Amino acid sequence: MASSSFLLLATLLAMASWQGMASDPSPLQDFCVADMHSPVLVNGFACLNPKDVNADHFFKAAMLDTPRKTNKVGSNVTLINVMQIPGLNTLGISIARIDYAPLGQNPPHTHPRATEILTVLEGTLYVGFVTSNPDNKFFSKVLNKGDVFVFPVGLIHFQFNPNPYKPAVAIAALSSQNPGAITIANAVFGSKPPISDDVLAKAFQVEKGTIDWLQAQFWENNHY
């Protein structure tokens, strides 16, 4: 009986520990500004000497000024993470501005390390995400100025501007100093080196010629 109780306790502690490690680690001091030049390799960045820290380590100028030029898929992502603001190190948050051309989109992608909460600043967006296997349930919504939508961590999601005449702008907050992004089309058809067309033809149940054509396209590196 004692052995069973000990095993149960150990299991619960292990689960609690795993949950604690499932997000960015909590800071153990007021701040830990990332030392981008440190040779020390850690999960994140080593701390800059607090005596060398100044206000600019917590600052980034002009995120909401002029509209950004959009790319081939009709969007432009301006990411502010620990690489742009070293003071974000250990704080578990980052932010992005997304500009959408008329009929532009931020294509299906995932953030492996972060939940995202999106707020529409201008225009209208059609957004959605898909749950994991086996259900693959699709949740979608049309958002207008001021509306907010959440994309759970790790799930495939997208945003699309359905207006053929007007652009749209949104701000996204993400629950990691470095959320990462995997744009699905880029990863599958634009990997370097390419995934075997035998593998992809079987996976998508199409001819290898179709896969070869897809892999030959220019895949836009548009993600955050």
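Residue numbers in this text run from 1 along the chain shown.
Heads up, the Cβ atoms here are built off N, Cα and C, so glycines get one too.
Feature annotations, courtesy of Swiss-Prot:
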SIGNAL    1-22  signal peptide
DISULFID  C32-C47  disulfide bond
DOMAIN    62-212  domain 'Cupin type-1'
CARBOHYD  N76  N-linked glycosylation site
BINDING   H109, H111, E116, H157  Mn(2+) binding site
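The structure, with features from Swiss-Prot marked on it.
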residue : record              : contacts (Cβ under 8 Å, 6+ apart)
C32     : disulfide bond      : F45, C47, L48, N89, T90
H111    : Mn(2+) binding site : F151, V153, G154, L174, S176, P179, G180, A181
E116    : Mn(2+) binding site : V150, F151, H157, A172, A173, L174, S175, P179
Pairwise CA distance, N76 (N-linked glycosylation site) versus H109 (Mn(2+) binding site), rounded so that it is a whole Å: 14
Arithmetic mean of per-residue pLDDT over the domain 'Cupin type-1' (62-212): 94
Remaining residues near the recorded Mn(2+) site, that is with C-beta within 8 Å of the centroid of the site residues H109, H111, E116, H157: T110, A114, F129, F151, L155, I156, P179, A181
